[in-house]
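The feature repeat 'Solcar' is assigned by TrEMBL to 80-168. If you look up TrEMBL, you'll see 137-162, 182-202 marked as transmembrane segment.
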Amino acid sequence: MPPTLGTNVLGRKVLYLPSFFTYAKYIVQVDGKIGLFRGLSPRLMSNALSTVTRGSMKRVFPPDEMEQASNKDDMKTSLRKVVKETSYEMVMQCVSRMLAHPLHVISMRCMVQFVGREAKYSGVLSSIGKIFKEEGLLGFFVGLIPHLLGDVVFLWGCNLLAHFINAYLVDDSFSQALAIRSYTKFVMGIAVSMLTYPFLLVGDLMAVNNCGLQAGLPPYSPVFKSWIHCWKYLSVQGQLFRGSSLLFRRVSSGSCFALE
């Protein structure tokens, strides 16, 4: 869908890409409301498998019991505890991501079929057969590495930032110190997720790239040799954060990417 001409806060004319609601309205016009739920089944299965995997790992490899820090001095000396907890979370997240990623790939391909009006991927079982036949076992894990890297950077960035803010910036003498500390990790999660968005974008683009669907082939998308090639291309085009905004989506100066 073409961008529209608008003005920014400084009064300058800029091109804006369609918003989330514009895309949703268009999908409903073409496919009906059911079109908004393309890829839902494999996505739900992926989330369920990830949850079950994490729960099973906690039962088989329970985390060590550690006392909770109760004051500022405890917080300053608890870096080792944070590192240990984050390492444990990282292993669980990486294992669950690897097991659930094949279903994520299927979900993404079911979604992007909308672009070319294709029906190559429908049911989960038939999609598994198609991917294995055409791409082999590795076809189920395209885009996995950037997703794993994004998860690792997110966990370490969020936990360490929250720890240092709680330990060194939030004073115990402040009456609302406990309340602030309880929200620090949540706020840091939002901030770090914005920084790790390019990893998710690259991983999702690789999941559909050169898979036989129009959305993953020229002119909609170049054929990428690797996820690093995809990252470099998006970086040059100023598109590493494309799709991260739901409403005000301005076209970057170097953008020439057709597929949104």
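Counting begins at 1 with the first residue displayed.
Using the three backbone atoms N, Cα and C, a Cβ is placed for every residue, glycine included.
These numbers come from a predicted model, not from an experiment.
Counting residues 6+ beyond its ends, the transmembrane segment (182-202) has Cβ neighbours under 8 Å at 143, 146-147, 149-150, 153-154, 157-159, 161-162, 165-166, 170, 227, 230-231, 234, 240-244 in the same chain. In terms of DSSP secondary structure, the repeat 'Solcar' (80-168) contains 79 helix, 0 strand, 10 coil. Confidence in the repeat 'Solcar' (80-168), given as mean pLDDT, stands at 94.
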